[in-house]
């Protein structure tokens, strides 16, 4: 078919469509490419802002003093700090934590539920869509369905000696107190959280991945102290992770009413201190 004849056919089809709509009714024009690009860019920026200022921009779903970028450093871009660009392409995937195949949006919901000690924002809602868009933007060019270097947290080898609370306390006092405080409560300036709490009522709850010693140790080894990443030895990272995760924090949202049963169902592994007694306090007991 010649280009001229094709053009005439298209013009005729448009004319027939307009006639069918009736007088005074015009066909809606598709959004200009620049408009679509601008809308996408705006959504990416909203996602970035929610990611880095979560409590202020998603207050209905946050129940502590943390924001997404406390655990996913450099606005979700830093390798070995659970970067978004490495996570996006792995979903949907089965997660034993909730026993079904999760979409990336569901994974976002669980971060709010556990790490933020809040409640899941609705699927398709403003917060989830913006965070999904931001993650997709950061993941451009990354392979889908493949584990890539830097994904998740650093997987540390077992330490030469079993993690020790007293040694971890010494590491904490020497390297962490300046930012997180001797009581682990972090630092604030007015309404602004400067450094996040590591335990206590305003920190992540017992359902968060960071409450498992191996996850905390990998994060600490690769990323802490801030500005001195890699300073700590493998042993020191395990020790200080064990110290941090041996303190009271908000209850696991999956709490059954029994600390023993909750440990058996959700924390029956050597990486979790939930249900164990440290310094006379049963962790996870009485909401601790």
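Cβ from N, Cα, C; glycine included.
What TrEMBL lists as signal peptide is 1-28. Taken from TrEMBL, the feature domain 'Cytochrome c' covers 163-248. The region 'Disordered' feature in TrEMBL is assigned to 247-271.
Outside the region 'Disordered' (247-271) by six or more residues, the chain places 63-64, 113-114, 117, 184, 198-201, 203-207, 211-215, 278, 281-285, 287-288 with a CB less than 8 A from a CB of the stretch. If you take every residue in the domain 'Cytochrome c' (163-248) and average the pLDDT, you get 98.
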